[in-house]
């Protein structure tokens, strides 16, 4: 089975060697005399040689029979642990911080309508007639699903700095404008525009982070984003409550102040994003006050040594859509669908559950809906640190799903209100923790830039579809038990555990087959000759469309 450790380094044969050495592993004593320890041109200083692609002729390349454990980190990568930590801290500060803020703004701007729903907004705009309010929620999600793939492709096409600043400023303007709408028709139009402009935030940032970090470090970074999201989301609900108290201020209703203030904050941060966020590793020299040339080189080499897909292939629509044939991408997407069925129900209806199901007053329900989100920071960070430390993904997802099932069982079947409120805590912590785990799970098991783009967009599209389904499972007529929500949530997570088990078995046999045949676990579409890392060896494969690196199947440890 594939080891989850870092692949072996590249080696260079003497000039008189004409044929690759195809002897079995460990047939020779360790020999590092031919290692190429020279530093390539810095990626961050506009190197002309694309990293990760060996341009030597086939006769100049020799397979190197090395174990990672036989060499020190400096011999393996050309940089020390301290240098690596320094680069990682820089990337954390510049990328994870703004990523968490942008994801939070996306959630706040799209979800402010739920806070405004308990104000005079529905009657003021005529949304209280028929199903107009439900349509305003639904139409936003549909627009978001439609534009997620194009918007994620645009991150690579235009660059993160331009694209994220543009779409953030755009959906900030739209949110601000919503504070001045006169009727439900204008609200519907702005909800469509809001869904289209904000659609690329989560999949685009997930893709960008997966490009900057080796697979062994990704879940903790996704956990940082989730932590920032839930903290700001919980605080935002309290802020909206305060803004509602300004009802009539400057001649505007309280719900209008919610949209205006949040939209204005988003616009300001959208402008700051252009200088704050960083570009892709190979273009890090374009980022504002970021890495030195040497650090940019190290950051790029870290990624190239981990999976070898640093440089994106030339864009074409087929280069992206061809990955729709990979069934595991749709399994990943189904996991996100089942995840969001539950999370949407909790996010939109926890105040309703607290008020109608547990008997709290409206003000108490608003206040008590915030603490479970603050608590969720603990399980998401702890579970992600464990996952990255031991390089596992499937078991963590399964554990979180079991916690989710337990929480909803308590919420649905316990008699004591305090116990049921504890069920809200347990469920909220579990689903927030699984956001980071599922995002790392899909990012760790695909290789190739455009495949990462397609996978991130597909997962987020079905995630949005799950949100639509989740909005229908909490039914007020079923208060105080909410039987449909409880059983759908439990059933979806039993199915989630089953699908993770299927993927675990699939990855196990694929890894074993690759080990027996020296084949590829994960392929990318490219006409360029590529290097293939297989179980600590380096071989040359010059077939068109060949594999770049094996995938990082973090479902078991080898």
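Every residue gets a Cβ built from N, Cα and C, even glycine.
Among the features that TrEMBL reports, compositional bias 'Polar residues' is placed at 25-45.
According to TrEMBL, the feature compositional bias 'Basic and acidic residues' maps to 55-64.
Across the domain 'Major facilitator superfamily (MFS) profile' (95-513), the prediction's mean pLDDT works out to 88. Annotated domain 'Major facilitator superfamily (MFS) profile' per TrEMBL: 95-513, in sequence order.
Residues or ranges marked as region 'Disordered' in TrEMBL: 1-64.
If you look up TrEMBL, you'll see 93-113 (among others) marked as transmembrane segment. Packing against the transmembrane segment (93-113) from elsewhere in the chain are residues 121, 136-137, 140, 164, 168, 171-172, 174-175, 191, 194-195, 198, 201-202, 205, 208-209, 212, 221, 224-229, 231-233, 236, 240, 258-259, 262-263, 265-266, 269, 273, 276-278, 287, 290, 347-348: each is 6 or more residues past its ends and has a CB under 8 Å from a CB in it.
Summarising the annotation, TrEMBL assigns transmembrane segment to 133-155 (among others).
The transmembrane segment annotation in TrEMBL covers 162-181 (among others).
Tertiary proximity for the transmembrane segment (187-210) is limited to same-chain residues at least six positions away from its ends with a CB under 8 Å from its CB atoms, namely 95-96, 99, 102-103, 106, 109-110, 113, 125, 127, 132, 135-136, 139-148, 150-152, 154-156, 160, 163-164, 167-168, 170-171, 174-175, 177-178, 181, 218, 221-222, 225, 280, 439, 443, 452-453, 456-457, 459-460, 463. TrEMBL lists 187-210 (among others) with the feature transmembrane segment.
TrEMBL lists 222-243 (among others) with the feature transmembrane segment.
Summarising the annotation, TrEMBL assigns transmembrane segment to 255-277 (among others). If one looks beyond the transmembrane segment (255-277) by at least 6 residues along the same chain, the residues whose Cβ comes under 8 Å of a Cβ in the stretch are 94-95, 97-99, 101-102, 105, 108-109, 112, 115-116, 119-121, 124, 160-162, 164-180, 236, 239-240, 243-244, 246, 249, 287-288.
According to TrEMBL, the feature transmembrane segment maps to 329-353 (among others).
The transmembrane segment annotation in TrEMBL covers 373-390 (among others). Cβ atoms under 8 Å from those of the transmembrane segment (373-390) belong to residues 216-220, 222-223, 226-227, 230-231, 233-234, 396, 399-400, 403, 425, 428-430, 432-433, 435-437, 440, 554, 557 of the same chain, restricted to positions at least 6 beyond its ends.
Annotation source TrEMBL lists transmembrane segment at 397-414 (among others).
The transmembrane segment annotation in TrEMBL covers 420-441 (among others).
Annotation comment: TrEMBL describes 453-474 (among others) as transmembrane segment.
Among the features that TrEMBL reports, transmembrane segment is placed at 486-509 (among others).
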Beyond the flanks of the transmembrane segment (162-181) by 6 or more, those residues with Cβ under 8 Å of it: 102, 105-106, 109, 112, 125, 151, 154-155, 187, 190, 193-194, 197-198, 200-201, 204-205, 252, 256-260, 262-271, 273-274, 277
Long-range Cβ neighbours of the transmembrane segment (397-414) (under 8 Å; 6 or more residues past either end): 335, 342, 353, 379, 383, 420, 422-431, 433-434, 437-438, 441, 481-483, 485-487, 489-490, 493-494, 496-497, 500-501
Range from 133-155, 420-441, 453-474, 486-509 with most C-beta pairs under 8 A to the transmembrane segment (222-243): 420-441
